[in-house]
Amino acid sequence: MKVTKEIDSSTNEMAQFSPLHIESKTAATAVLLLNSVEEHILVKACNGIRIFAEKGEENKVSLVGLGALDPLCQLIAHSNVLVRRKAIITLGTMATSSEVKNALKEIEVIPSIVDSLSLEDVVVHEFATLCLASLSVDYDFKAKIIDSKGLPPLVQLLSSPDNDVQKNSLEVIYNLVQDQETSQEVHKLGVLHSLLDLLKSEFPVIQHLALKTLQYITTEEKTLITFREQQGLEKLMDILSNADFTDLHVEALQVFFNCLSDSESEQEIHQNGGLERLIEFILTSTEPEIHFIAIKCITRVAEKSDSPKLKKHNVEEILVNLLSAAEDNIVKAAICEAVKVMSPNQASKDCFRDRGAIPEIVKLLNSENVGLKEEATRALCGLTNSSNLNALAVFEAGGHKKLISQLCGGGPAIVANSAAALCNMAEQKVIRCSILSHGGIQALVEPLNSTSTQVLVNTLHCLLALACETKTRTQLQSAGGLQPLVNLLRSNDKEVLQNACIAIKTFASDEPTAAQIYQLGAMEMLQDINQSQNRRSRFSKMALITLLNFNLPVKYALMGHLASTDKITDGFYDVGKVQAVDKILTLEELSKQPVNNRRPIIFINSGVGRKPVTINEGREDASPEMPTSNKKSQKTPKKPVTKYEGREDASPEISTSKTSQKTPKKKKEDNSPKDMVFPLSPKDTPWEMKDDTTLQGLVKEVEESILSLDDEREKFAALARLVSEVMGGEVQMEKLHEFPWGLHLSELKVELQSNLIPIGLVRYGFFCHRALLFKFLADSIRLNCTLNRGEYNRAWNEVLLSPGDSSNDASSSEPAGYIVDLMHQPGRMLAVNTPATVQYQSI
């Protein structure tokens with residue numbers, strides 16, 4: 001009795017402070033009583049705590065601090081039905097608090113709550129599901145509910161006679177099915193039947209939750225089939241056609257949208273007037289959400305290639321009218337998406353233009369809403385694709401200027417779409433020129449630094465479309481766009497890399513731009529790409545060749561071949577054969593190197609077409625220029641001659657053998673090499689390549705004596721004899737090793753104190769020197785020939801001769817290829833791929 005009185009006193013005391021703000025010491029007493037072994041005390045303690053918790057969030061938080069959760073979580077598994085019920089009611093009441101939910105994460109309570117769902121106690125069901133509904137919004141609790149096998153009893157409780165149990169269970173399931181795997185699982189448990197039954201509930205909250213749950217699970221193909229088989233579409237159309245259910249139309253349309261992805265469901269929708277109902281929603285509703293989802297449904301119909309059905313109902317005109325009248329951004333964005341999806345159909349594309357959609361969409365580019373601008377740019381991209389008339393309409397509305405402004409600072413999707421639309425429009429010259437005049441190239445530089453693949457691809461496409469205009473290359477270079485363009489050669493994305501190679505090829509089509517691209521390291525990158533099995537392509541090869549075509553010294557060094565279309569001009573130099581991975585220095589860089597024992601660099605600088613600058617200019621002891629006639633060259637030096645050892649990069653060894661070939665006497669007015677000064681010292685700043693006046697004279701002589709010849713074969717032969725004569729004359733094959741070309745070049749390097757030797761100073765030239773001079777002189781008078789490098793300093797020129805030029809044999813009307821002999825019998829023509837040419841090309 002004493003304990004009872006004390007408890008009664010405590011209960012009376014609690015009852016007295018219940019309407020008021022309960023003091024923490026009293027609440028603490030109630031929490032302590034949760035540890036009692038007497039069941040009726042536990043019941044009263046749970047009641048007191050529940051009443052206290054219902055007063056507000058602060059009370060629930062204070063109960064957590066007092067340690068109420070641990071004993072409550074133990075009591076929900078109590079053997080006494082009443083204690084268990086009171087505990088679950090109290091826990092369900094408290095679980096709505098975020099602080100309580102966080103605290104419960106540390107307690108293994110979910111299995112006990114799930115177990116209580118199997119009890120035959122509606123009140124327990126109500127508050128257990130209420131507790132799970134509160135907790136299931138959290139990811140951690142979702143996983144625990146699934147792991148505790150909570151789904152099957154929850155699905156069964158959807159058929160509970162108690163509406164609160166239905167609502168709470170449905171809310172838990174709705175929270176859980178937002179995960180795709182769970183959505184598949186509830187389908188296997190037969191949840192569809194219960195959900196369709198709940199659509200007929202008299203409580204709107206249950207109907208809403210049922211539709212929202214259906215919205216998630218009908219994204220699964222199998223669920224959609226079952227939904228159709230259980231007459232789900234009919235029930236859906238009943239809701240959409242019932243004016244009393246307007247509050248359910250948004251959720252119903254969401255499910256309707258999912259059904260359109262199933263072809264059989266779509267057919268059934270069309271047969272039952274579903275499309276007409278969608279259009280009616282657009283025309284009659286004033287709710288933005290209704291407009292939004294109805295347009296999304298129209299868009300999905302268009303995606304299924306049902307444009308003729310849409311055309312029948314004048315959907316394009318309806319959308320354009322709504323676009324100009326709508327105020328909500330989500331509706332405008334949905335219309336733009338529909339326009340984009342319908343644009344591939346030419347009739348729809350024309351209709352949108354004729355109905356005035358384009359100016360309205362262009363206006364949306366001024367919006368501050370990122371999502372709306374994204375959809376607007378996407379719509380313009382679709383409308384201008386393969387449509388000159390639509391491109392002109394965008395241009396006339398000033399859309400190109402607004403699209404240019406979107407290229408800088410916008411999100412990746414906006415930038416990508418804007419670049420694509422501008423690319424479509426740039427096909428027309430008038431628009432292309434306007435894009436360039438409004439800073440289109442400058443605006444495309446920033447997107448070249450993007451990390452988005454689509455941005456990069458679309459930007460490169462746009463650049464290529466604008467590259468039809470010559471000033472594009474200058475503008476890109478001035479705007480600093482060449483560096484990021486070259487950097488894209490490092491991309492590991494195949495599409496980006498290929499388009500970057502195409503852009504490099506396009507922009508390297510003039511010498512100044514090609515030189516800049518080369519300086520930025522594009523050559524080395526392209527070489528690396530072309531050596532990679534995975535990265536190389538025909539585009540990378542084309543880009544490298546284009547770049548090489550404007551850097552013939554590098555092309556010849558890497559490829560060992562210059563075509564007849566590759567015209568050698570001043571500034572060309574021969575560094576010999578190099579590996580693809582080697583960096584080829586510029587002529588200025590080479591000039592600053594100290595004299596070494598490697599092969600000299602032969603360069604060409606005739607100065608033809610400019611005011612001649614003599615090599616000896618500025619020297620007090622300058623001698624008259626060397627003669628440029630085709631007279632015989634100087635005597636053989638008395639010093640030991642060089643024996644040819646076959647190493648291209650080695651300093652020729654000294655041989656004690658004598659020269660058996662007679663050499664012509666030297667004229668008095670000729671200068672010896674030691675009198676020639678070629679100032680290439682590292683001290684010279686800025687470095688300037690002086691004119692080779694000897695080469696100037698040769699060019700003049702060739703123009704006067706050879707250009708006037710009528711027979712093309714004779715022109716080549718005469719030119720060959722001239723080249724041979726100025727480079728030491730003919731050399732018998734068996735005496736080739738005695739020819740002093742190596743010693744001669746070594747002496748020139750010493751005399752000039754440079755590794756660079758102007759070709760006009762070479763008086764004893766080997767195959768490689770003669771072929772180079774022949775190619776340059778032939779190019780200077782527009783005679784077509786190639787330059788080919790062989791092994792061990794061999795080189796030769798190939799020419800094409802018609803039968804009438806090459807021989808008396810006119811059995812073939814096709815021109816044939818010949819190698820011009822410059823060494824053994826100068827002027828002789830050797831048919832290509834014959835033993836004679838093989839011998840000429842080899843050791």
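Please read every residue number as a count from 1 along the shown chain.
Cβ coordinates are placed from backbone N, Cα and C, and glycine is handled just like the others.
In TrEMBL this protein carries:
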COMPBIAS  632-641  compositional bias 'Basic residues'
DOMAIN    253-522  domain 'ARMC5-like ARM-repeats'
DOMAIN    689-829  domain 'EDR1/CTR1/ARMC3-like peptidase-like'
REPEAT    149-191  repeat 'ARM'
REPEAT    356-398  repeat 'ARM'
REPEAT    480-522  repeat 'ARM'
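The DSSP breakdown of the domain 'EDR1/CTR1/ARMC3-like peptidase-like' (689-829) into helical (H, G, I), extended (E, B) and coil residues amounts to 67 helix, 18 strand, 56 coil. Per-residue pLDDT, averaged along the repeat 'ARM' (356-398), amounts to 97 for this model. Within the repeat 'ARM' (149-191), the DSSP-based counts of helix, strand and coil residues read 31 helix, 0 strand, 12 coil. Note on the repeat 'ARM' (356-398): DSSP counts are 34 helix, 0 strand, 9 coil. Residue counts for the repeat 'ARM' (480-522) by DSSP state, with H, G and I taken as helix and E and B as strand, are 33 helix, 0 strand, 10 coil.
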